[in-house]
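A short worksheet on the structure shown next.
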Amino acid sequence: MSLDKQIPIIYDFGENYEKNKDIWRRQCIYQILTDRFALDDHCTTAPSTGRMYLGGTWRGIIQKLDYIQSLGCTAVWISPIVKNIEGVTGYGEAYHGYWAEDLTQLNPHFGTKQDLTELVDQLHKRNMLCMIDIVVNHMAHAGDSPIDYSKYAPFNSPSHYHPKRFLHNYDDTWDCEIAWLGDEVVSLMDIRTEDQEVHNFFQNWIRDLIQTYHFDGLRIDTAKHVQKEFYPPFIAAANVFAFGEVYHGDPKFIAKYLEYIPSAANYPLYYQIENTFFPPKQSMNIFYQKAILEARATSMDTTILGNFTENHDVPRFLNRSTDYSLLCNTLTLLLFTDGIPIIFQGQEQMYAGGHDPENRDALWTSNYNQQNPIFQFLKKLIKLRQFLVDNVSGFTTELSNMLFVNEHVYVFRRPGVIIVVSNAGSNSDVDTSAEFSITERESLEFIDVLSGSQFSSLPTEDSSTISMNLEFSFPRVLVHRGLFHSMNELA
């Protein structure tokens, strides 16, 4: 039997695996870089850019939970919590949390054990979840001087690491798993995660971390740089939902990892959104083929992938296109396509930074403005999404159904809602009309949640038809009149 025809092994991800998937499908996640989200003293004029620690803390997050909850997000993903290397490197300080030195201690820049415990407790009191970012692939060393292994905990010997050799071929899986990331400025020392001693530590460590702080989920950094077999017992020990950063645009590549990790960041979707909207370089037809159909042709369950259009590793949308219509279309797609939507801090405030560190500017300079038009736009979409999650059977588990697609318009349906998006842009004079059929035979009234416009379906022999044109190529989010009124009554 050839390797590609073998039946995959079904791994045990813990006794609550199915329950955890169902819980996280229902969420809208807000991603936070702790150092860049909120200060203890509520200051909004402190320094906000660069590669140094700027002062954001866990207590600062606690003080701004009303802001996140007002937006509508139901879960918070916080950056790594462990002690990092200190001092200024050629790439600045370890404010982001991904340069670990001691896995047994918290990062003192972010606060105390009491602060972190209170943050999770306060989220739970609001019926919100907390996801923690973790790194199991590497520790960090600054400069090209000899490494003092004794300062690292618990991996304090050269025998805990693969031999020093920097990664050059990111498409070679074996090389990705044993070579070091980084360079001589900051080298990321690749941990021998295949060793049983390392396995044992990490399984005990993550079990203790979850039991101590009651985190609800894990985001695993640099997931493709660790042997896949490491993950199932590790995730079973955590017994919470986990998704990995598998930085690759091919859904077939991602699918291989989903035999070992419950979920992954949906980079294939991100790259297709980028090509279709940032600004448009391909048609909506091609988007549908590559982003939707090619993903479904794999073994992936796309309903549990983590979807995003911005994060701490890629330039902001508005850095590449200032078209407001395109921005709104990408956010509509993000909230309603199959999967779990993730909003990166600052996205709701129309931040426009480019590559690291410009895409990581502190949020306090926005003054946490809840009247920002994109904050209000997202709030409306998230409110509808959560209503559908809570009240419409199958919304989180049934795959979307394409109703219409052409060069500039894509229409799809999920239980309770019809989504119409376009990549034509606000200044385009191309045709953005759409006519599509739905299975209901009778005439139905739909309301666009974004504009308040009303649309009626016209009965045909075995279905009914809806016709519309997108003004300024702005998206439409259609719900049945009865559902619309029910949502407003519950507000």
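Cβ atoms are placed via backbone N, Cα and C, with glycine included.
The 10 Å shell around the Cβ of Asp221 (active site, nucleophile) contains 21 further Cβ atoms across the protein chains shown. Here Swiss-Prot flags Asp221 as active site, nucleophile, drawing on similarity to another entry.
Summarising the annotation, Swiss-Prot assigns active site, proton donor to Glu245. Over all protein chains present, the Cβ of Glu245 (active site, proton donor) has 22 other Cβ atoms lying within 10 Å. The DSSP secondary structure for Glu245 (active site, proton donor) is coil.
The feature substrate binding site is assigned by Swiss-Prot to Trp99, His138, Arg219, Lys224, His225, Gly249, His312, Arg360. Counted within 10 Å of its Cβ, the other Cβ atoms near Trp99 (substrate binding site) come to 26, all protein chains included.
All chains included, 27 other C-beta atoms sit within 10 angstroms of the C-beta of His225 (substrate binding site). Summarising the annotation, Swiss-Prot assigns Ca(2+) 1 binding site to Asn137, Glu177, Asp190, His225.
Annotation source Swiss-Prot lists Ca(2+) 2 binding site at Asp221, Glu245.
Taking the Cβ of Asp313 (site 'Transition state stabilizer') as centre and 10 Å as the limit, one finds 14 other Cβ atoms among all the protein chains shown. In the three-state DSSP classification, Asp313 (site 'Transition state stabilizer') falls within coil. If you look up Swiss-Prot, you'll see Asp313 marked as site 'Transition state stabilizer', on the strength of similarity to another entry.
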Compile a sequence-ordered list of residues in the same chain as Asp190 (Ca(2+) 1 binding site), six or more apart from it, whose Cβ lies below 8 A from its Cβ; state 'none' when nothing qualifies. Asn137, His138, Tyr161, His162, Ile178, Ala179, Trp180, Leu181, His225
From Glu177, Arg219, Arg360: binding-site residues whose CA lies within 10 A of Glu245 (active site, proton donor): Arg219
Taking only the Cα atoms, work out how far Trp99 (substrate binding site) lies from Glu177 (Ca(2+) 1 binding site), in Å, as a whole number. 18
At the Cα level, what's the spacing in Å between Glu177 (Ca(2+) 1 binding site) and Lys224 (substrate binding site), rounded? 7
Cα-Cα, whole number of Å: Gly249 (substrate binding site) versus Asp313 (site 'Transition state stabilizer')? 14
